Structures are given as structure tokens and as C-alpha cells.
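Novice: Following this message is one structure expressed as C-alpha cells.
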Ligand SMILES: Cc1cc2nc3c(=O)[nH]c(=O)nc-3n(C[C@H](O)[C@H](O)[C@H](O)COP(=O)(O)O)c2cc1C
């Protein structure tokens, strides 16, 4: 077992083990990737205040997200195609999250189905919905998530249409990969991945195949999304979905103060300040830059979480100290999953937890609940002065 000291180590192993098309799928942003890059580089602009001679015994990173106990303020974000990064990927990631004591979110675009993940785990997970232009499918999938005991519905509001990632088109991204010469050549060097895939029956979109009619080719993500995703999703429809669900709701993909206010008005339990990991509107602000204005506007009315760009426990600390009640990680756990399955996701969570715990201590705080803006040094012009 190689010595893994940070998330970057997992990414290096992941790159060697996963087929190129799935590595590229995860490690890309839309168009020029400006927002994708800034999601991480903007975190680096914030500095931490070192404090000394404070009693550091009895520390804890435990807290709550939407009223649920969590070992640290981190949930696994919904990530499509995890079961292509590693055989049975969603089940493995959910198990790692469950053992660690953090929430796992299953994507609509997962390989393992809702029922499959529920059967192979014991803690309730969150379910992320993409709405299709098919009311029956939307109703059914909500009922399936209820029947599986999911404890929250995550409604993704920033993907009615798909931002373009050049590499996905060039690689012909599909699940499973098509038998082209380029794919055979690549897969011949990824034998451990291939062996895993041969041993599982889960190789298609488990929530979709067999549940939707009239789809020309569900294996091809971009054409399928263009054909079936509901471009008319608006606040009215969001409200209807919330009513249909009737339980805890998280609105994911809020990046603007006005939208945050609308989300609070519709009565969601939480929002995730997110630009989808830089995969949707290229040129949008990084999530961390938009966090403070959004918290200042709605933080007393609705729980605010953040994702996009988190690669370390220090990043989690910065978001929480700025006022987020929790965070989500996407790529940081995918690297672990693709590198070494469940053990890799566990390792990613351990790395982030240790970084959070030690950095919190070095900032002079013992509990995540004690973190506030006083531990941060934020550049004066961090949010920038922009004209509309
Ligand atoms: C490979 C990949 C697939 C994703 N699939 C989904 C998805 O199916 N549903 C969704 O709401 N968000 C999806 N996202 C966005 C993540 O939920 C999350 O917002 C993003 O990964 C956060 O940024 P980070 O990767 O920098 O942590 C995906 C992200 C990645 C990297």
C-alpha cells in the first residue's frame, strides 16, 4: 500500500488506474476551465491566523448537517458514473461514508441504482435528482428514493442544460465504453479496472435503464442529457418537487444572492453554494468567493453548504469559518475511489479529517462549532468589485 499523505497522492494513483475517458470526465471543467481552476486557486488566497498557547485537548470535528449528526462537516457530493471509476463505485463510496459517519449523496446518473445502494448499505443516504422532461419518471424516482429510505432530496438546480467539456466529446464518453480501437488500447493498460468490471453486472445507468422509454442511446451522456433533461425547471417546479418529496430538501447549485433568497423563500432546508465544480457556466465566480455575500444575505434563514474546489481539510475549515454549516466534496473522493475503491474513499476522508482537525487546533479552536471569521485572513478585495 503506497503512503498516501494528501488528496493529490490519490489523484496520481487514480490517473494510472482509471480509463482515460473517466479520468478526463472527472478532471475537467467546462469550456476554458477558468471557473474550474479558480475554484481551487481562490481557496489559496484565504489565509489562516495561527494562534498559540491555547488548550487543544478534547477536540472534535463532529457537528450536524440538516439536523443529522456528522463526524465532520463534509458530505460526499452527487457524482455521476462513479460505477465507471471503479466497479460498484457508488456502493463502495456509500459504505466508506457510512463507516466514517458522513452523508453520501447518490446521483440520478449513477451506475448502481437507488435500490442497489440501499440493499448494500445500512445508513440512509441522500438522493440527488435531475428532473427529466418525463413527469412519470420524476414521480417514480422520487417514490423509489422514498422507498429506499433516503433521508434528504438534493435538487440540482444548475444543470437543465449541459455545459460542454471538450474532452468528453473527443473521448466519446459513454457508459460502458464503446469497443473502439482507442478504448481497447487504453483499457489494455488498465487491467485491474477491467477485471473489476468483468466481475460486476453494474455497467449501465442503473436509475435510468429500464425506467425511461424512448431514449435513443442512454450510454452517451451528452446526447442523452440534451434529449431528456428538463430545460424548463423553474422555481414553481422546484416547489412541486419539494411537495412531492415531503422531507428534507437541499437545493444544490446556488451561486447568486438573489437565487439564495428565492431558495430560502421556497422553504428548502439548505442550499449548496456551488458552480458544479466548474462544469457548468465557465466564467462564473468560484463558490468560495460567493459564499460570504450569500451567508450574509440568507445565513440566518437557511442552512448554507458549499462545494467546488475543496481538496483539503484546510479548505473545509475556510468554508466553515466563513459561515458554511457543511461542505460537499466531489473530485476529492472520486480520486480515492478510482485509486483504490472503498479503501481509497476512506483514505480521502481520513486525510481531510486530519487536516481539518490539526489546522483547527493550530488556529486555536477545539470544535468546528467554534470556527468563525476571526480565524481567517481574507484579502480585502476578495469578492472583487464587479459592475452589472
Ligand atoms: C465527475 C463528476 C460528476 C458529477 N456528477 C454530478 C451529478 O450527477 N449530479 C450533481 O448534482 N452534481 C454532479 N457533479 C458535481 C458535484 O456534485 C459537485 O458539485 C462538484 O464535484 C464539486 O466540486 P469539486 O469536484 O471541486 O469538489 C459532478 C462532478 C464531477 C466531478
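Each Cβ is built from the backbone N, Cα and C atoms, and glycine gets one as well.
Okay, these came from TrEMBL:
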type     : residues                                              : note
ACT_SITE : 276                                                   : active site, proton acceptor
BINDING  : 25, 165, 276, 279                                     : glyoxylate binding site
BINDING  : 78-80, 107, 128, 130, 156, 252, 274, 307-311, 330-331 : FMN binding site
DOMAIN   : 1-381                                                 : domain 'FMN hydroxy acid dehydrogenase'
Novice: Among 25, 165, 276, 279, recorded glyoxylate binders, what is the largest CA to CA distance in Å?
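Specialist: Pairwise Cα check on 25, 165, 276, 279 gives a maximum of 13 Å.
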Novice: What does DSSP assign residue 128 (FMN binding site), in three states?
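Specialist: Strand, per DSSP.
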Novice: Is it possible to get the count of other C-beta atoms within 10 angstroms of the C-beta of the residue listed as 'active site, proton acceptor'?
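Specialist: I get 26 for this one.
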Novice: Of 25, 165, 276, 279, which is closest to residue 310 (FMN binding site) if I measure between C-alpha atoms? They're all recorded positions.
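Specialist: Comparing Cα positions, the candidate nearest residue 310 (FMN binding site) turns out to be 276.
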Novice: How long is the line from the C-alpha of the residue listed as 'active site, proton acceptor' to the C-alpha of residue 128 (FMN binding site), rounded to the nearest angstrom?
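Specialist: Cα-Cα distance, the residue listed as 'active site, proton acceptor' to residue 128 (FMN binding site): 13 Å.
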Novice: Taking the centroid of the Cβ atoms of 25, 165, 276, 279 (glyoxylate site), which other same-chain residues have Cβ within 8 Å of it?
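Specialist: Other same-chain residues near the glyoxylate site: 26, 28, 29, 30, 163, 168, 277, 278, 280.
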Novice: Long-range same-chain neighbours of residue 274 (FMN binding site), Cβ under 8 Å, sequence gap at least 6?
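Specialist: Sequence-distant Cβ neighbours: 158, 252, 253, 254, 255, 287, 306, 307, 308, 328.
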Novice: Tell me, what is the mean pLDDT of the domain 'FMN hydroxy acid dehydrogenase' (1-381)?
Specialist: 96
Novice: In whole Å, how far does the CA atom of residue 80 (FMN binding site) lie from that of residue 279 (glyoxylate binding site)?
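Specialist: One finds 12 Å between the Cα atoms of these residues.
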Novice: For the C-alpha pair, I'd like the distance in angstrom between residue 128 (FMN binding site) and residue 279 (glyoxylate binding site), rounded off.
Specialist: 17
Novice: Give me the long-range Cβ neighbours of residue 165 (glyoxylate binding site): same chain, 6+ apart, Cβ under 8 Å, in sequence order.
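Specialist: Residue 165 (glyoxylate binding site) has long-range Cβ partners 24, 25, 28, 29, 30, 279.
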Novice: Are there any residues in the same chain, six or more apart in sequence, whose C-beta is under 8 angstroms from the C-beta of residue 156 (FMN binding site), and if so which?
Specialist: 78, 128, 129, 130, 252, 253, 276
Novice: Validating a neighbour-count step here. Other CB atoms within 10 A of the CB of residue 80 (FMN binding site): how many?
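Specialist: I count 20 other Cβ atoms within 10 Å of it.
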Novice: Around residue 25 (glyoxylate binding site), how many other CB atoms lie within 10 A of its CB?
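Specialist: For residue 25 (glyoxylate binding site), the 10 Å Cβ neighbour count is 24.
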Novice: Taking the Cβ of residue 330 (FMN binding site) as the centre, how many other Cβ atoms fall within a 10 Å radius?
Specialist: 21
